[in-house]
Amino acid sequence: MTVKCANDLDTHTKPPFVARMIHRFAVPIILVWLAIAVTVSVFIPSLEDVGQERSVSLSPKDAPSYIAMQKMGQVFNEGNSDSVIMIVLEGDKPLGDDAHRFYDGLIRKLRADKHVQSVQDFWGDPLTAPGAQSNDGKAAYVQLSLAGNQGELLAQESIDAVRKIVVQTPAPPGITAWVTGASALIADMHHSGDKSMIRITATSVIVILVTLLLVYRSFITVILLLFTVGIESAVARGVVALLGHTGLIGLSTFAVNLLTSLAIAAGTDYGIFITGRYQEARQANENKEAAFYTMYRGTFHVILGSGLTISGATFCLSFARMPYFQTLGVPCAVGMLIAVAVALTLGPAVLTVGSRFGLFEPKRLIKVRGWRRIGTVVVRWPLPILITTCAIAMVGLLALPGYRTNYKDRAYLPASIPANQGFAAADRHFPQARMKPEILMIESDHDMRNPADFLILDKLARGIFRVPGISRVQAITRPDGTAMDHTSIPFQISMQNAGQVQTMKYQKDRMNDLLRQAENMAETIASMRRMHQLMALLTENTHHILNDTVEMQKTTSKLRDEIANFDDFWRPIRSYFYWERHCFNIPICWSFRSIFDALDGVDQIDERLNSIVGDIKNMDLLMPQMLEQFPPMIESMESMRTIMLTMHSTMSGIFDQMNELSDNANTMGKAFDTAKNDDSFYLPPEVFKNTDFKRAMKSFLSSDGHAARFIILHRGDPASVAGIASINAIRTAAEEALKGTPLEDTKIYLAGTAAVFKDIDEGANWDLVIAGISSLCLIFIIMLIITRAFVAAAVIVGTVALSLGASFGLSVLLWQHILGIELHYLVLAMSVIVLLAVGSDYNLLLVSRFKQEIQAGLKTGIIRSMGGTGKVVTNAGLVFAFTMASMVVSDLRVIGQVGTTIGLGLLFDTLIVRSFMMPSIAALLGRWFWWPQQGRTRPLLTVAAPVGLPPDRSLVYSD
């Protein structure tokens, strides 16, 4: 009795219809695909051009940061896109008036351009200029909002328009204007990715050419394989370009790069599968046609399953929310379906035509003894082999906990691109975060332009500023990022004493006048005391005068009486003197007449003396009374002088105290101002009427006053794990600051670099879960359909998942721990999905061969399968791995990291999983590997084969 294998049972099986049609119409098939390739290459723009034309926005539309950015643009009338760039002015000396004139001219041109939606002109306003200029004074910047979202064609056109304006505006000597920012970086990333495509393709072709020459040792065979791969790649790229050009799908530079590499690598793999299986059949003494059909039966389902797996897994990326991943889904899926269609038709057709001329004949025997020995070792000691492979996998798995991602896009782009040069210029003068700020906006239901709400806004700004990792917060209450001058309550209190301080000198002078007045009063008191003494003497003299006058009056009265007697007796004679007409001329007459007239005056004197005596009596009565008034008057004046001196002394002390208080208040106010202390902010109502302040409010408050925004700068790089982690802290700080205030119910929006990357990180994690689970389910279903064995399909998926973790760990070990470069945040999702897809190819091919050889028994079938597929699968895996690793020559380091990660995964999957882990698991599980099918652990015993039966081809191979 002999063992009869499945291949012998299928020797006379009727070939499949599709295989027969391809074999019959090989030349027309080649011509059709060639015509299609020429058509899509000539009449449809290149994939790179279409990628620029149909470049989609890379911002997730449902992300909170994107919604916040849109809301801010709407509220502040600054546009409806998320495309923001910076223009940095750098001088070799502090920027002066010539720089300001250049800047003003640049701003005028930018405002007039249709691509510029808004300009945040901080440096042009003296109130906000310090916040936009570096500490050394040699650099300043302006922020622009442009038309088009990041990654879109309109955004790239807008950036080109801004750069054109900057180039066409002559700068003063020593001053350079740089266009930079996140949007400019993305635009340059697209340009770099597209320019690198030729280099990646050329490198891939060289790698494939060298590898295939080493494998086949036939230049013609390699050229025909490359011809097939070229047609596959051209048609796949052309069809995707057609779909993109007609607007049916969107593209990104990642999709263009990955699709090209996948199409080339997968096409080469399929060519190796086809050629290897054909040569294997030819060495088994099958004729060319029989070998063709054997090849088709052995590879059709593998290539179809592989293509469906890759296209299905990449299509699962369409379920992702992140445009970075979403744009990979349909283009890569369509491209791979086209590549599979070409591989299943053009590849066999080229093989058919080439085989007619002997171009695909093996140049040497396929060496299988080494792989059979490996198979023998595996089936003999499956558990130790499995443990060993798991230990090898642990090398990568143990590196996973130390995985650190990086969100700093500029670090993964060439330093020579314009945006990176602008960032480098900014880094020379500004902190890293200055070009990548966070913006927080609150929106209330009322106008916040009042002192009460400004207290809350400043409290909010202070709360955010106190978040660990935040270095600066610019707001209407702190336009330059620090507490506004003269807005502290102590300073305003000190300003209230300004008028008092100004009048203090005059008040002290008037107090000094009181001192002089007291001195004058002292002199007056002394005079009054002297006058009192004199008045006492005068009173005494007056009394004496009165006595003397009374005596005199008595004497005069007596004299009058005596003269009256004399006059009476002498009257007749007297009359004579008055009768004489010529008395005046007679001397004796006139003299006697004058004597008698004088005697008449004695009577008048007596009357006057009587009157004088009365007056003197009154004076004698009044003078004592008047004298009595002087002591109280002197006492009163002395009291007044004492009070005046006391007032002077008291007020001098009060004024000194007031002076000290004023000095303390002024010192305190100056100290609060100098220290930029923001604990006691207050703006009086009159400030809101100030023209300069109104102009500043336009930058931080909406036109209706219902919204206010805050520009937040990190202490370190916002595109870091710490920067992203601070976003929740910022939002929490804002909520806590508003809690219990009239603005408690306001809506909070947060956008910016760290906010965007936080959304990307969370979205990428969810997208990875969604795409990963859907891909695993899809792969499992495809494997289940092809293998018809639940356990086998589960083992394939399980080993792929294990290989995935180990492969990514090896990439972490290589890039992070050996090269010192952290993996970009996009690498994980992109490489994982692709590895899920391509990692199952070789396991599927091996398991399919297990199924073909199962009639020889499980262990024998494993040995034969490994002997028959070992070299082919290894070659295919190496070519695929090296092709994907060729992406490392891209200017985009992230593309290189994705390629090397996939390459490492393919190497691990080819050399470890497919060669040792998968067959050892199959050997351990035995017949349960094929559950629910009935696996055969022993060879099928049949009647001996008749004479002339072709020998078992699995036994004719030799080294």
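Cβ coordinates are placed from backbone N, Cα and C, and glycine is handled just like the others.
Under 8 Å from some Cβ of the transmembrane segment (25-45) lie the Cβ atoms of residues 53, 230-231, 234-235, 237-239, 241-242, 245, 342, 345-346, 348-350, 352-353, all in the same chain and six or more residues away from its ends. Feature annotation from Swiss-Prot assigns transmembrane segment to 25-45 (among others); the stated evidence is sequence analysis.
Residues 264, 268, 271-272, 275, 350, 354, 359-360, 363-364, 875, 878-879, 882-883, 886 of the same chain, all 6+ positions outside the transmembrane segment (205-225), place their C-beta atoms under 8 angstroms from a C-beta of that stretch. Taken from Swiss-Prot, the feature transmembrane segment covers 205-225 (among others), and the record attributes it to sequence analysis.
Annotation source Swiss-Prot lists transmembrane segment at 239-259 (among others). Cβ atoms under 8 Å from those of the transmembrane segment (239-259) belong to residues 40, 44-51, 53-56, 58, 151, 189-190, 193-194, 196-197, 200, 323-324, 327-328, 330-332, 334-335, 338, 826, 830, 834, 887, 890, 892, 895, 898 of the same chain, restricted to positions at least 6 beyond its ends.
Feature annotation from Swiss-Prot assigns transmembrane segment to 300-320 (among others).
Marked as transmembrane segment by Swiss-Prot: 333-353 (among others). Beyond the ends of the transmembrane segment (333-353), by six or more residues, the same chain brings 18-19, 22-23, 25-27, 29-30, 33, 224, 227-228, 231-233, 235-237, 239-240, 243, 249, 259, 262-263, 266-267, 270-271, 274-275, 278, 292, 295-296, 300, 303-304, 306-308, 310-312, 314-315, 318, 360 to within a C-beta distance below 8 angstroms of the stretch.
As annotated by Swiss-Prot, transmembrane segment applies to 381-401 (among others), with the evidence given as sequence analysis.
Per Swiss-Prot, the feature transmembrane segment maps to 766-786 (among others). When Cβ-Cβ distances below 8 Å are used as the criterion, the transmembrane segment (766-786) is approached by residues 301, 305, 308-309, 312-313, 316-317, 319-322, 325, 792-794, 796-797, 800-801, 828-829, 832-833, 836-837, 840, 844, 847-848 of the same chain, each at least six residues removed from its ends.
If you look up Swiss-Prot, you'll see 790-810 (among others) marked as transmembrane segment.
The annotation transmembrane segment is assigned in Swiss-Prot to 818-838 (among others) on the grounds of sequence analysis. Within its own chain, the transmembrane segment (818-838) has Cβ neighbours under 8 Å at 254, 258, 262, 265-266, 306, 309-314, 316-317, 320, 322, 324-325, 328, 403-407, 409, 412, 757, 760-761, 764, 767-768, 771-772, 775-776, 779, 800-801, 803-804, 807-808, 811-812, 880, 893-894, 897-898, 901-902, 905-906, 909, counting only residues six or more beyond its boundaries.
The transmembrane segment annotation in Swiss-Prot covers 872-892 (among others), and the record cites sequence analysis as its basis.
Here the transmembrane segment (902-922) has long-range neighbours at 374-375, 378-379, 382-383, 385-386, 388-390, 392-393, 396, 792, 795-796, 799-800, 802-804, 806-808, 810-811, 814, 831, 834-835, 838-839, 842-843, 846-847, 850, 858, 862, 865-866, 870, 873-874, 876-878, 880-882, 884-885, 929, meaning same-chain residues at least 6 beyond its ends whose C-beta is under 8 angstroms from one of its own. Marked as transmembrane segment by Swiss-Prot on the basis of sequence analysis: 902-922 (among others).
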Folded-back contacts onto the transmembrane segment (300-320), same chain, C-beta under 8 angstroms, at least six residues removed: 16, 18-19, 262, 266, 269-270, 273-274, 326, 328-330, 332-334, 336-337, 339-340, 343-344, 763, 767, 770-771, 774-775, 778-779, 782-783, 786, 829, 833-834, 836-838, 840-841, 844-845, 848
